[in-house]
Structures are given as structure tokens and as C-alpha cells.
């Protein structure tokens with residue numbers, strides 16, 4: 001009886017030892033399997049994470065690029081708008097200045113015609129006539145020189161003719177000459193421009209006995 005109890009206890013102890021050994025041998029296998037699964041998951045998940053990170057980075061980059069392009073375009077438009085406004089304002093001022101200059105020069109030739117339309121004495125027996133021709137201040141030097149030479153020649157010829165004939169002036173002619181002298185003295189008071197004097201003096205057809213004092217050509221009247 002004791003022997004039977006001893007064998008049962010021994011069998012139970014051996015069975016427990018075997019179960020513990022099997023459980024102990026299964027535990028490393030389970031641990032190894034779990035570690036393998038974790039490693040496999042770690043090997044798979046990083047790829048997914050990398051793919052997610054790369055795709056997210058691309059999306060973020062695209063979004064940043066779009067935002068940067070929008071900001072740059074808005075800044076450029078904001079910079080261009082004031083420049084365009086400044087250009088338009090400058091153009092307006094420039095156009096106003098041009099219009100004022102054009103209006104001034106449109107009035108300027110008409111202003112020059114008035115002093116030139118003064119009385120011109122042609123002959124002592126003629127009446128005072130008013131010249132209404134347009135004024136051209138540009139006169140060539142060659143024309144002036146030729147006109148001076150021609151006027152000197154005509155004066156010399158007419159003076160010689162007058163002295164050869166030795167004509168006597170009547171009282172009416174003397175009165176007319178005095179009247180012309182008064183007119184010339186009256187117009188000497190005005191400060192005429194020099195170029196108007198030269199042009200006006202060379203365009204007059206004067207006689208030696210009707211020579212005014214304002215003439216630039218020297219003339220001595222012999223009695």
C-alpha cells in the first residue's frame with residue numbers, strides 16, 4: 001500500500017515536471033514567435049510610415065509652394081499697382097504741361113504780329129498805311145546783306161538824282177515832312193526789340209528826303 005502511494009506521487013511529480021518542461025519549452029517558442037511577429041511588423045510599418053511621411057511631405061511642399069506663389073503674385077500686384085498709378089499721374093502732369101506750352105506758342109505768333117503792324121511811311125505824298133502781313137522773325141544774314149547793299153545803291157542813285165535836279169520843296173511838302181518827323185519822334189519813344197527794328201528797316205522802301213532817324217543806314221542830308 002505504501003509502495004502504491006509512493007508510485008502515484010512519483011508519477012504525479014514526473015507528470016508535473018514534464019508539464020513544466022513542456023510549458024517552459026513552449027514559452028521560448030511563443031516568445032520567439034512574438035518577437036518575430038514584432039520584427040516583421042516593424043519591418044512592414046516603417047515602410048508604411050515612410051510612405052505616409054513622403055506623401056505628407058510632398059503634400060506639404062505643394063501647399064507651401066502654392067502659398068508662396070500666391071504671396072509672391074499678390075506682392076508683385078501690390079508693387080505694380082502703385083507704379084501704374086504714379087505713371088498715370090506723371091503722364092497727366094506731362095500732358096497738361098504740353099497743352100499749356102502749345103497754347104502759349106499758339107498765342108505767341110499773334111502777339112508778334114501786333115507790334116509789326118505799326119504805321120509805315122512809304123512816301124511823303126502817300127497816306128499812312130498799316131501793314132497786316134505775318135511776321136517772320138527768322139531772317140537770313142545773306143538776305144540782310146544783299147538788302148543793305150541794294151538799299152545803299154538806291155539811296156546813292158536817288159541822292160545823286162535829287163542833287164542834280166536841285167528841286168525846291170513847297171510849303172505843303174515841308175508840312176508833310178514836319179508831320180513825318182513828329183511821327184518818327186513819337187515812335188522812337190517805344191522800346192522796340194532789336195530784331196524787329198532790323199527787319200522793319202530793311203523792308204521799308206524809303207526815299208532820301210523821307211529818311212527817319214531810326215534808320216540804321218547812315219545818311220547825311222545836304223542842303
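Glycine is treated like the rest: Cβ placed from N, Cα and C.
The model shown is predicted, which means the values in this text are computed figures rather than measured ones.
Positions annotated as phosphoserine by Swiss-Prot: 23 (among others).
Look at Swiss-Prot and you will find 24 (among others) tagged as phosphoserine, backed by similarity to another entry.
The phosphoserine annotation in Swiss-Prot covers 25 (among others) and is backed by similarity to another entry.
Taken from Swiss-Prot, the feature phosphoserine covers 72 (among others), and the record attributes it to similarity to another entry. Contacts of residue 72 (phosphoserine) defined by a Cβ separation under 8 A and a same-chain sequence distance of 6+ are given as none.
Residues or ranges marked as phosphoserine in Swiss-Prot: 73 (among others).
Here Swiss-Prot flags 74 (among others) as phosphoserine, drawing on similarity to another entry.
If you look up Swiss-Prot, you'll see 77 (among others) marked as phosphoserine, on the strength of similarity to another entry.
Taken from Swiss-Prot, the feature phosphoserine applies to 145 (among others), supported by similarity to another entry.
The phosphoserine annotation in Swiss-Prot covers 147 (among others).
The phosphoserine annotation in Swiss-Prot covers 151 (among others) and rests on similarity to another entry.
As annotated by Swiss-Prot, phosphoserine applies to 159 (among others), with the evidence given as similarity to another entry.
Annotated signal peptide per Swiss-Prot: 1-15, in sequence order.
When secondary structure is read from DSSP and collapsed to three states, residue 72 (phosphoserine) falls in the helix class.
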